[in-house]
Structures are given as structure tokens and as C-alpha cells.
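Residues annotated as domain 'GP-PDE' in TrEMBL: 227-481. Among the features that TrEMBL reports, transmembrane segment is placed at 41-65, 85-113, 125-143, 163-183, 192-212, 492-514.
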Amino acid sequence: MADPPSCGRPCATCLLCLYSCQWITAKKEKRKGLRTTKCDCSWFLFLFCVFLFTLVWLYFAIIILNDFHNFNEFIFKQRKLWLDWSLVLLIATAVLITYSAVLLVLALCLQLCGQPLKLHWLHKTLLILTALVVAAAFTGLGIKWAEEWRSARTSLQATGPFLHIGIVGGMTLLAWPLASFIYRTRKTGLKVFLLILYCMVMIMLYLAPLGITSPCIMEENQLPPKPALVGHRGAPMLAPENTLMSLQKAVDCNVQVFETDVMVSADGVPFLMHDEELTRTTNVQDVFPERAALNSTAFNWTDLQQLDAGSWFLERRPFPTVQSLSAGDRYWAAKQRIPSLKEVLQATKQSNLSIMFDLRPENHSDYQSFVNATLEVILQSGIPLQQVLWLPDGFREQVKQQAPDIQQVYGRKRLQDEKEPLLHVNLPYQDMSSEEIRQYHRDNISVNLYVVNQPWLFSVLWCSGVSSVTTNACQVLKEMRRPIWLLPSSTYLMIWVVVDCTSFLTILWAFFLLK
């Protein structure tokens with residue numbers, strides 16, 4: 001058997017120093033008779049598992065960025081503290097993955113150089129802490145944000161083919177240190193076990209594309225039309241949400257529907273507001289400090305008109321795009337006030353824009369009067385009723401009788417014993433599979449999914465044939481001319497064969513070269 005590869009004494013000494021936190025030269029290491037023990041092997045296995053665990057968390061962290069604004073709003077409601085927690089998440093995840101990756105690379109290099117794997121106790125402690133932090137993150141995700149597990153499942157439709165290539169490449173590179181270890185160890189049982197395990201994993205990876213499905217594996221001429229854009233509270237990355245400026249920015253983004261939230265003031269005036277309290281999107285704490293914690297509906301319209309609904313957007317910067325606003329847009333944003341539904345209906349009518357809204361809060365004791373007041377404003381506005389999309393479930397039958405031309409949008413899937421056919425549904429994007437979207441499309445049911453901000457997610461839903469998506473990032477999605485990637489089945493098959501064959505030949509080369 002050939003001697004283990006030589007890395008040169010200075011290089012080996014440096015690797016030992018970084019991994020073991022001890023300045024042991026390669027020469028001294030030989031004199032001391034240091035060697036890799038079973039305990040050291042166990043720690044290397046633990047290191048490898050922690051790296052994979054952290055890598056999976058990195059994937060989740062990237063996926064949940066699509067919905068992270070919801071998390072920021074949740075924290076603000078609980079702690080009255082606004083911070084872009086996505087930056088904290090990404091920085092912390094980057095530190096953890098970098099640390100475990102560097103340690104893993106050091107260990108693999110030491111293995112290739114024939115040096116002992118003596119992991120220092122400090123690294124062991126930090127690895128345990130890393131595993132606990134990532135486990136806590138996954139636990140918190142499962143408890144407080146369980147729908148993100150379904151988001152990850154959706155993301156695999158976009159990333160599955162590329163993850164397969166990456167994993168095959170990583171496992172192929174692992175063949176080099178594995179071959180080095182197998183040829184040096186004298187334990188036949190361990191050799192056989194590692195070889196069988198590695199071969200089984202590679203065979204499963206080579207066959208994995210048989211189980212990978214993605215709606216974007218299709219011919220170019222089969223691509224459905226681009227989904228229409230629905231502005232979530234307008235264009236909240238470019239203007240304060242639920243304001244006339246946000247509506248105008250949404251029009252500039254070529255959205256077809258302005259999605260908003262309506263409340264009714266204490267004196268019966270419907271106005272735009274999402275939160276039950278005014279503290280996040282107005283200066284109510286400065287103007288009415290003793291009433292700041294009251295429900296938005298407890299204020300009369302005169303009080304609401306005194307509030308600044310734009311400065312918070314410039315101060316808290318809910319999206320990174322705020323920094324790139326022009327001086328004119330900043331001035332415009334600072335002058336925003338809470339708009340009434342009457343004002344918004346006039347603006348949407350002039351822009352030939354549809355409007356879709358929720359009526360909040362649904363559990364209010366005067367909810368029926370809210371419905372009546374809202375419906376009265378709509379009927380008096382002169383807007384074509386076909387441009388109004390009604391989301392609230394409460395007193396829906398009453399609305400149908402008084403304004404039958406208003407389009408009824410349901411926040412649920414159709415039932416088997418549906419009395420009348422649904423024409424429009426509005427659901428979270430996690431709630432519908434690609435197969436269901438296609439089936440609804442065949443049955444002439446318009447499907448709008450929310451909230452879709454990332455191009456990868458928009459691409460998957462585009463390929464699936466969704467009718468429209470509600471988005472915060474209309475300025476990004478409007479620029480997309482086609483999905484991020486679109487592969488004909490024949491091309492994907494060719495890539496699969498090339499990747500698997502290249503991997504197989506590289507593994508054979510590694511084992512024969514190091515023999």
C-alpha cells in the first residue's frame with residue numbers, strides 16, 4: 001500500500017495547530033506517537049453531522065426570507081421593537097456554517113496528509129453549542145412558524161435538481177479522504193462497513209432524480225401565462241403601506257389588483273389600516289399617547305386625519321429598498337396620511353385598478369355595521385362593481401344580495417358539496433400544491449396565492465399555472481420575463497446522466513490513485 005500523501009511539514013504543522021489548538025510540529029507528532037483514536041473518529045463524525053445540520057438550517061434561513069417581514073411585524077406587536085431580524089438571522093447562520101465548514105475542511109486535509117485528528121476541547125464545546133443553537137432554531141420554527149415547513153417543501157420544487165447536483169458533487173469529493181482512510185486503516189470490518197455505506201448513499205443519490213418533480217421541468221411552449229400581480233397593501237417596499245402613495249407605486253408596477261385592509265372608525269368612516277393598533281404605522285404615540293394602545297376602530301375620523309402615516313416608513317426602514325428612495329419620494333412618503341376607503345376607491349377607479357380587501361377586526365361586536373358602512377361607500381363611489389373583490393366571510397350573503405356584481409373571493413379551498421361554484425380563491429402559497437393549482441385552472445377557478453416576494457417562489461408558481469400572486473416586491477416581479485429556470489425534460493435527463501457518470505468516474509479515480 002502506498003504511503004499517505006505528504007503535505008510538507010510546515011503545512012501539516014499549521015493544520016494541526018488550527019484543528020488541535022496546539023503548536024505541534026509534524027516531527028514532534030511522530031515522536032510522540034499521536035494517532036487518531038476511536039474517540040477522535042467519533043468527534044469527526046459529530047463534526048460532519050453538525051456541518052450537515054447547519055447546512056440544512058442555512059437552506060431554511062434562505063427560504064424563510066420570503067416571509068420574514070411577517071416575523072418582523074410579529075416581534076413588533078409583542079415587544080414594540082422594530083428591527084430587520086432577517087439580517088440577524090443571516091449573520092448568525094453565516095457564522096455557524098463558516099465555523100463548522102472550516103473545521104471540517106481542516107479535518108479532511110489532516111486526513112489526506114496522514115495526520116491525527118485531535119480536536120481541541122474548545123472546538124468540541126463550540127460544536128456542541130452550535131448544534132444546540134441550530135436545534136433551538138428548528139424547534140422555534142416548528143412551534144411558532146410551522147407553515148414554513150410547507151414552504152421548504154415548495155422550495156424543493158425549485159431547488160431539487162440543483163441540490164441533487166450539489167450533493168452528488170460533495171459526496172464525490174468526500175471519496176478522496178474516505179479512500180485515504182480506508183487504505184490506511186487495518187480494521188477490515190470498518191473498511192467494509194464504510195464502503196457499503198458510501199456505496200448505498202451514492203446509489204440513492206444517482207437514482208434520486210427519479211423522485212424529483214418540479215413544475216419548471218417542461219418545454220418552453222408549455223409555459224403558462226405570467227401570473228398577474230396583486231400589490232400587498234400597495235407597494236410596501238417603495239412606499240408606506242396602505243397609503244395613496246403605495247397605491248400609486250403599485251400602479252407604476254403594473255399590478256392589476258390593490259390588496260388592502262379596511263377598518264371603520266368610531267364615527268362610521270371606513271379607512272385603510274392593517275393592524276388593530278395604530279402604533280406600528282403612525283405617530284399615534286406622539287399625538288394621542290394616552291390612547292395609543294386602543295383599537296384602531298376606537299378613533300373617530302377627525303382624530304385619524306391628524307396622524308402621520310408615512311414618517312415611520314423612513315425611520316424604521318421596514319425593507320432595504322427604503323434606502324434607495326429618491327429625495328422626492330422621501331418627501332412624498334413623509335406627507336402620507338391614513339386614507340379613507342372613499343379616497344382609495346376614487347384612485348383605483350381612475351387607474352382602472354381592481355381592489356381586494358379584508359374587513360377588520362372580524363370579531364368586533366359591531367361587525368355588521370362595519371359591513372354596511374363599507375358596502376355603502378362602495379356603492380356610492382361609482383366604481384364598477386366588477387373591480388371590487390370582496391374577501392370578508394362575515395355577512396357575505398347580505399353583500400351578495402345588495403351588490404351581486406361584486407366579485408366574491410374565498411379564503412378556502414372548494415368543498416365537495418359546494419352549493420355554488422367558486423370563481424376566485426385567495427390562499428397562502430403553502431396551502432396549494434402544483435397539482436391542485438393545475439386542477440383549479442382546468443376548472444376555471446382563479447387562484448391567487450400570498451405573499452410571494454422571492455423570484456424563485458414566483459417562478460415555481462408561474463410554472464404551476466397560478467392566476468395571480470399577492471406580493472410586497474412588485475417592482476422585482478414585474479421585471480421577470482420568464483421563470484428563473486426552465487428545463488426541457490430531455491435536457492434535464494442529459495444533465496442527470498452527465499453528472500452521475502462524472503461522479504462515478506471521479507470516485508473510481510480517487511480509490512485507484514490513492515491505492
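Cβ from N, Cα, C; glycine included.
All annotation found in TrEMBL is predicted automatically rather than curated by experts.
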| Positions on the same chain near the transmembrane segment (125-143), where near means CB under 8 A and six or more residues out | 46-47, 49-50, 53-54, 57, 60, 64, 92, 96, 99-100, 103, 149
| message | Given a Cβ distance threshold of under 8 angstroms, which distant residues of the chain, six or more beyond its ends, lie next to the transmembrane segment (192-212)? | response | 160-161, 164, 167-168, 171, 174-175, 178, 181-182, 492, 496, 500, 503-504, 507
| Same-chain residues near the transmembrane segment (41-65), Cβ under 8 Å, at least 6 residues beyond its ends | 71, 86, 89-90, 93-94, 96-97, 100-101, 103-104, 107, 117, 119, 124, 127, 130-131, 134-135, 137-138, 141, 145, 148, 151-152, 155, 159, 454
| note | Counting only residues at least 6 beyond its ends, the same-chain positions whose CB falls under 8 A of a CB in the transmembrane segment (85-113) are 4-7, 11-12, 15-16, 18-19, 44, 47-48, 50-51, 54-55, 57-58, 61, 65, 68, 71-72, 75, 119, 123, 126-127, 130, 133-134, 174, 176-177, 180-181
| request: Please give the average pLDDT for the domain 'GP-PDE' (227-481) in this predicted model. | output: 96
